[in-house]
Each structure stands twice: as C-alpha cells, then as structure tokens.
Amino acid sequence: MSTDTGTHVRSALPGADADPGDPRRPWCAGALLAGFAAAGVLTSADVRVAERLGELTGEDDPTVHLAAALAVRAVRAGSVCVDLADAPTLAAEGSGDEPDAPPPDVALPWPDLVEWTAAVRRSPMLADGVDGPADRPVRWVDGRVYLDRYWRDEQVVRRDVDARLVGLLDVDDAALRAAVHARFGGPQDSRQRLAAATAALSRLTVLTGGPGTGKTTTVARLVAVLRDVAGPGLRVALAAPTGKAAARLQEAVNAELARLAGETADAAAPLTASTVHRLLGWRPSSTRFAHDRTHRLPHDVVVLDEASMVSLPLLARVLDALRPDARLVLVGDPDQLASVEVGAVLGDLVARPPARRMLPARLAAVLPGDVPGGSPADVRDAAALHGGVVRLVVPHRFGHDLGALADAVRRGDGDSTLALLRAGGPHASLVEPAGVTPADDEVPGLRLDVGSTGALVTAAARAGDAAGALEALNAHRLLLAHRRGPAGVRRWAALAERWVAEATGDHEHGPWPVGRPLLVTANDRTTGLSNGDTGVIVSDGAGGVVAAFGEPRAVRLVRPHRLPAVEPVHAMTVHRAQGSQFTGVTVLLPPASSPLLTRELLYTAVTRAREHVRVVGSADAVRAAVERPVRRASGLRFAR
Ligand SMILES: Nc1ncnc2c1ncn2[C@@H]1O[C@H](COP(=O)(O)OP(=O)(O)OP(=O)(O)O)[C@@H](O)[C@H]1O
C-alpha cells in the first residue's frame with residue numbers, strides 16, 4: 001500500500017477541520033492516524049508509540065503505523081492483540097478504557113484488509129508469523145497483531161500449559177480413589193471428586209464454577225487428598241491476586257482442613273496464603289521477581305485462587321517460576337470480569353480447544369460414574385477434562401433467586417434477568433430511574449442501606465471494636481462501573497459520605513475520622529498491605545485512632561502515619577470489589593451506551609452479594625449489559 005494513503009484520505013477524515021489545539025489530536029501525526037485520533041479511536045500515546053516504532057524500524061507506511069497503534073490501543077483495553085479484521089467493529093463500540101468518550105459516529109478510512117495485511121506482513125516493523133524474526137517490536141500471527149512482549153508472554157503460557165497437560169503423574173489408582181472418596185463422600189460431590197483426582201494426576205488443573213459452588217472447599221479437601229497420596233511433607237502454596245482474596249482463601253482453607261483433621265485425627269499443618277506478587281518475590285526496585293526460571297519456587301503444589309483476575313503477563317511469570325514437575329491448580333469463575341490488565345487467561349484456558357489427552361480415560365478408571373455425560377453441557381464439560389478443566393455446577397450457598405439471577409446474566413438472557421429483577425423479593429430488586437442516571441432522591445433504599453451500614457461501622461469503630469467494624473463494613477457496598485461522571489464512583493462516594501454523616505450525626509472532619517472506611521491503592525511491604533485491601537479507622541481506646549484491616553477473625557492494626565496510599569471507600573468500582581462479598585450490594589449502572597457496561601460487569605456485581613442485590617439502572621442498561629459479553633482478543637483460544 002502506498003504511503004500517500006494518508007494524504008489521499010485527509011479531506012475525508014473525521015475531524016480533519018477540527019480544532020488543531022484539540023488534545024486528542026497528536027502533535028505531528030500523519031493524516032491517517034490523526035484522523036483516527038480525532039475520532040477518539042486512538043490516543044496521542046497510541047499514535048506516538050506507533051510512529052516512534054516506525055522511525056526506529058524505517059517503516060513509513062501509515063497503514064502499518066495504524067496496525068501498531070491499534071495493537072497499543074488493544075492492550076490499553078485489556079486485549080493481548082488486535083485482530084485486524086475485527087478492528088473496525090471494535091472501534092465502533094468505543095473504548096472501555098475511556099468510557100466517558102462516546103464511540104466515533106463517523107465513517108473511518110479503514111484500509112482494505114487484504115492490502116493492509118500484506119503491508120503489515122512485509123513491514124520491517126513486524127515479525128511475520130510464529131517463526132518470524134525475534135527482534136521486531138510488533139508481530140503478526142494469523143491476522144492478529146501483537147506488541148511483541150505480549151506475544152512472548154502468550155507463548156510462555158501456551159507452551160507451559162501444553163507441556164503440563166502431556167503425561168500424567170505417577171499416582172496409585174486405588175489409593176487415589178480411596179483418598180478422594182474419604183474427602184468427598186456426598187452424592188452431589190461428583191465434580192469435586194473429579195477436581196481432586198485431576199489435581200493428583202495432572203500438573204495443571206483449572207477448577208471453575210460460579211459463586212458458592214464449593215471451589216474453596218474443594219481446594220482444602222483437594223490439598224488433603226494430595227497429602228494422602230503424596231505424603232504430608234508436600235509443600236503447598238496458596239495465592240490470590242489481592243491481599244483480601246488471599247486472606248479469605250487462607251481462612252476458609254484452614255477452617256476446612258481443621259474440620260477434616262478433627263474428623264480423621266490427622267495433624268494438618270495450617271497453610272498460609274499470599275498475594276501472587278509476594279509469592280513470586282516482588283521487589284519494589286526491580287521489574288523482575290525473585291523467583292523465575294533461574295530460581296524456581298520450592299513448592300510441589302501452587303493453588304492460585306481468583307484466577308480470573310490474573311493477567312497474562314502475571315500468569316506467564318507464575319509459570320516461569322514454577323518447577324516443571326510441580327502441580328498448578330488455577331481456581332476461579334471465568335464468567336467474572338477479567339484482569340484490569342492484559343488478558344483473560346482463565347476464560348481463554350477454559351475456551352481453548354484442548355488436544356486429546358489421557359486424563360479423561362484415567363479419571364474414568366479412578367472414578368467410574370463421575371465423568372459427566374448426558375446433557376450437551378455435560379458432554380462439553382467432559383471434553384474440557386482433556387485440558388484439565390473441571391467445572392463445579394452444584395450451588396451450595398446462594399439463595400435460589402440470586403443464583404437464578406446470576407445464571408440468567410451469565411447465559412446472556414436479558415428477558416429473564418429483567419423479569420427476575422422486576423419480580424423483586426428478598427434477594428433482588430430493580431430501581432429504574434426516570435432519567436439516564438438517577439437523581440439522589442430516586443434511591444431512598446440505597447440511602448438507607450448506606451446510612452445504616454455507616455452507622456453500624458461507626459458505632460463499632462467508636463467502641464474500639466475493630467472486628468465488629470470490619471464485619472459491619474461488609475453489610476452493604478455500593479458498586480459502580482465508572483470512576484467519573486454522573487454514574488461514577490466520585491460523585492456517588494461523595495453522596496454516600498454525606499448520607500453516612502447524616503445517619504450518624506457525625507460531621508468529624510479530621511484527617512482520620514473514626515468509622516471512615518478505607519481502600520488501599522498501593523502495595524506496601526512494610527505494613528504488608530496490598531492494593532485493594534479495605535479497612536476502617538477505629539478508636540484505639542487511648543484517645544487515638546488506628547486503622548483496622550483484614551478479616552474480622554484476623555484483624556491487622558496499622559497506625560495511620562504508617563499507611564500507604566489510601567482513599568475513603570464509601571463506593572467502589574465493580575473491578576475493585578472482585579474477590580470480596582457483601583451481605584447486600586447495590587450496583588448502579590451507567591447509561592446503556594457505556595462500553596463498560598458488559599455481561600461480566602453485571603455478573604461480577606450480582607455475585608458479590610450474599611443475600612440481596614439492588615440494581616439501579618434503566619431496562620435498556622440492564623439489557624445492554626446482559627447482551628454484551630466482553631471481547632478480549634487473544635491467541636490462546638486458537639491452535640497457535
Ligand atoms: N460438597 C459439598 N456439600 C455440601 N456443602 C458444600 C460442599 N462444598 C461446599 N459446600 C458448602 O458450600 C458453601 C460454599 O462453598 P465455597 O465457599 O467453597 O464455594 P466457592 O465456590 O468458593 O464460593 P465463592 O466463589 O463465593 O468464594 C460453603 O458453606 C461450603 O461449606
């Protein structure tokens with residue numbers, strides 16, 4: 001394709017006559033990219049990176065620059081790569097990264113796909129295909145364009161996962177069968193038995209399931225099974241992406257292990273769980289972890305919970321650090337929101353067409369009758385066993401209505417979702433505002449919940465009852481999709497703070513008001529607090545205050561002057577709430593046109609609630625959410 005494409009299309013470009021001072025318009029950009037930037041598809045940074053790569057590699061074709069800029073944009077939006085054929089559709093949907101900017105409503109001068117692909121493949125900027133040169137900054141593989149570092153991370157995951165699925169570990173069938181039945185004896189435990197046997201036999205297990213299907217319980221009992229078959233000296237690491245999720249995992253797994261130990265009089269050593277970063281040996285002054293391919297983790301088993309939140313680069317680092325003969329158990333709900341960073345690896349591993357392996361046959365030999373069969377879903381689940389994927393399907397915790405609601409959202413069934421929400425009842429309700437976003441006086445129930453939760457938290461905090469304050473903090477949480485704007489965290493957190501002050505009659509304004517809920521926004525080694533941890537300021541009983549974090553049964557106290565970056569947490573994004581649950585949840589939806597409004601967002605929000613979820617949003621917004629699954633491009637779902 002000739003390099004004059006840019007000039008040729010200039011007069012037709014959206015925004016070509018727009019204000020030259022518009023900050024979205026990159027300085028010095030060629031006409032083609034400037035047009036995409038003016039339309040809001042690319043940012044100045046996307047354009048600058050692409051043009052700089054062009055300078056460094058001697059590439060001046062603007063269509064190649066466009067492909068590279070779209071690969072940078074894709075990463076910003078959480079994709080690993082961009083599929084050029086799909087790029088026009090994705091651009092028309094707007095960017096989840098900049099949800100407040102409307103999607104472009106102008107026709108963009110997309111290059112002809114065949115010519116574009118040819119230009120990209122012969123470019124000195126790009127490596128062509130899997131076997132292309134290793135020193136190019138961008139790579140094209142089967143229509144997908146990657147920034148090379150993400151391609152390399154994807155290859156690490158692909159190769160390691162494939163290697164882990166080859167061959168089975170040496171475990172005695174009869175001993176395994178006995179151990180599994182001893183730990184999972186119930187008639188409904190079939191999938192949990194399969195999960196434990198898979199973890200014993202395979203170096204990769206992917207344990208999935210909706211909320212309350214017994215994933216954490218399975219992890220604990222699976223560890224007991226592994227100790228039974230491999231000996232009590234087994235070195236087990238538990239990890240999760242956030243400190244809060246790690247604390248919950250540790251508490252739940254040890255409680256179940258202690259219960260099992262009581263049953264069998266075994267002495268079970270308690271396990272500790274850490275964040276994934278801490279497990280790998282995160283060092284603030286280095287871009288590398290202490291554990292990597294040259295200095296592997298010592299563990300025989302690594303269990304990674306909330307794996308839907310793990311990014312592609314982080315999973316690649318875990319796989320790098322794991323001994324090849326160690327077992328990896330990934331646990332999570334692939335229907336939830338993916339990592340805030342790049343990739344949706346759990347979903348990709350579940351959706352991947354697995355090569356045919358020995359595992360299902362061996363599972364059938366160890367656990368005859370437990371391998372699923374019958375319904376189409378069972379047949380799909382049986383096929384997924386080739387990839388080490390076990391899906392738990394029996395809900396053990398959820399109230400029936402909440403479970404049905406979560407399931408309708410997961411299935412993309414807008415009619416049922418709306419019907420269940422409108423039916424109301426003790427578990428779910430819908431508040432439909434008159435306008436696009438609700439006015440404060442349209443949500444009296446929310447105001448009551450926020451006020452009463454704040455009053456409970458403040459009363460416990462004033463009494464110096466840290467555990468009680470942390471417990472009360474989980475009574476209700478307001479969740480939103482956006483940070484800014486009329487349906488954003490900023491506006492609603494300020495409102496919630498006012499409602500709490502009104503409910504408690506407390507207008508204390510000092511830097512650390514007693515009862516203020518806190519969200520940690522940075523990792524901090526000295527206090528051990530992690531980004532995403534939540535806590536509350538409580539009285540220390542001696543006229544001072546202290547910040548309480550952790551679970552009510554394992555409270556950690558930190559003096560305010562030692563706190564890392566924190567912010568008040570009267571409301572938070574749905575993303576931030578992942579890994580936590582609350583008795584009641586209110587989710588306030590953005591307008592139907594928001595690109596952040598997705599099925600995964602609503603599903604994640606609904607499944608944060610233990611007893612009641614209130615959805616605030618128009619019927620259009622609910623439908624838009626349910627009917628729009630997140631699309632994150634990645635090559636992991638394909639054969640290469
Ligand atoms: N096989 C089982 N039989 C009976 N009850 C079970 C079984 N497995 C788990 N449970 C119970 O179901 C409830 C939910 O289990 P668990 O917390 O393990 O689910 P989960 O999938 O980890 O949930 P979440 O994703 O919400 O953390 C717990 O009370 C647990 O004791």
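The backbone N, Cα and C atoms fix where each Cβ goes, and this holds for glycine too.
The range from 1-23, 277-299 that TrEMBL describes as region 'Disordered' is residues 1-23. Checking the binding-site residues GLY210, PRO211, THR213 against ligand 1, the ones with a C-beta less than 6 Å from an atom of that molecule are PRO211, THR213.
In the three-state DSSP reading, GLY212 (ATP binding site) counts as coil. In sequence order, ASP333, LEU392, PRO395, HIS396, ARG397 are the residues of the same chain, not among GLY209, GLY210, PRO211, GLY212, THR213, GLY214, LYS215, THR216, whose CB sits within 8 A of the CB centroid for the ATP site.
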